[in-house]
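Peer 1: So TrEMBL lists the following for this protein:
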TRANSMEM  A:12-34  transmembrane segment
TRANSMEM  A:41-61  transmembrane segment
TRANSMEM  A:67-85  transmembrane segment
TRANSMEM  A:142-160  transmembrane segment
TRANSMEM  A:166-184  transmembrane segment
TRANSMEM  A:191-209  transmembrane segment
TRANSMEM  A:221-241  transmembrane segment
Amino acid sequence: MIVDWTHAWPTMLAAFLASLVEFVEALTVVLAVGTVRGWRGALIGTGSALGLLLLIVLALGPALTKIPLGEVQLVVGGLLLLFGMRWLRKAILRSAGVIPLHDEETAYAKETESLRRQGGIGRGWDTVAIATSFKITMLEGLEVIFIVIAVGAGGVGLLIPASVGAVAALLLVVVLGVVVHKPLSTVPENTLKFIVGVLLSAFGAFWVGEGMGLSWPGDDWSILGLTLGFLVFALLSIQLCRSRATARASLADR
Amino acid sequence: MRWLRTILEEVFGLFVDDGSFAIAIIVWLGITWFLSVHILADIRWSGVVLFGGLVAILIESVTRRARQ
């Protein structure tokens with residue numbers, strides 16, 4: 001299988017960073033479940049979800065390669081644009097102070113409080129622990145699968161670097177989770193989401209354009225140009241939002 | 001079936017946060033697709049038109065939210 005290295009390194013980086021954000025969010029909840037309700041339920045729920053996710057990948061992966069590339073690029077690129085631009089929009093608003101930053105410590109405190117309120121832990125199966133860790137692993141895992149498929153939509157060979165990026169992120173988070181044993185609040189999540197939003201928007205625009213038969217300056221290298229373009233306009237948007245928010249606040253003070 | 005509904009809602013939420021923002025992107029993709037068949041087919045660097053519209057939608061959406 002031939003890997004196109006023009007796309008491979010940005011594909012791997014985008015999949016790694018995006019998956020890192022998702023796995024950090026999942027780790028926060030799994031740690032809360034393990035700490036409050038015990039590790040047995042937390043690990044059963046997480047393991048079951050990972051097993052189901054693996055089955056989904058095995059079922060979807062070969063089917064995806066049978067769909068014509070142009071149609072995959074158009075549909076997956078469109079979804080990737082919605083997904084990436086949503087992240088980018090939120091990261092811009094957070095950076096500008098319009099909406100509050102996501103805080104893993106606060107999320108952890110909320111989750112542990114909610115789990116404590118859900119009654120005592122019996123000797124048998126702790127359904128609350130299993131269901132909570134299953135649900136979060138499933139949801140964040142589905143996002144990771146979508147990201148891998150979406151950033152690897154440029155060709156069958158690109159699914160490999162995308163998968164390598166996601167697996168590397170999973171291993172990093174598992175190792176950090178075992179070593180640190182608390183929410184990874186020092187991970188600059190909004191900065192990561194901003195970078196990933198830029199990368200996914202660039203990939204999405206490129207795949208959609210390819211699917212529509214549009215032409216790009218520099219052909220495949222235009223992914224780099226699109227990345228820089230989204231980055232410049234996103235940074236400009238932060239400044240614009242800050243000035244709008246300040247103007248709104250000064251009007252409210254009068 | 002509540003868990004299934006929750007999962008479907010979460011999956012929908014992956015792509016749609018602000019409804020008008022998502023609709024604007026979809027409409028712009030539709031317009032560009034139509035133009036790509038009828039007008040942009042012979043134009044070099046037609047992808048720049050797609051990019052320009054997406055950036056305009058992003059800037060409009062965030063500045064509108066900042067004003068609220």
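Positions of Cβ are set from backbone N, Cα and C atoms, glycine also.
A TrEMBL annotation is a machine prediction, not a hand-curated record.
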Peer 1: Please report, as numbers and ranges, the same-chain residues at least 6 past the borders of the transmembrane segment (A:166-184) whose CB is under 8 Å from any CB of it.
Peer 2: 15-17, 19-20, 23-24, 26-28, 30-31, 104-105, 107-108, 144, 147-148
Peer 1: Quick one: find which recorded stretch in A:12-34, A:41-61, A:142-160, A:191-209, A:221-241 has the most Cβ pairs under 8 Å with the transmembrane segment (A:67-85).
Peer 2: A:191-209
Peer 1: Please report, as numbers and ranges, the same-chain residues at least 6 past the borders of the transmembrane segment (A:142-160) whose CB is under 8 Å from any CB of it.
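Peer 2: Same-chain contacts beyond the flanks: 1-4, 7-8, 11, 14-15, 18-19, 22-23, 53, 56-57, 60-61, 64-65, 69, 72-73, 76-77, 79-80, 83, 166, 169-170, 199-200, 203-204, 206-207, 210.
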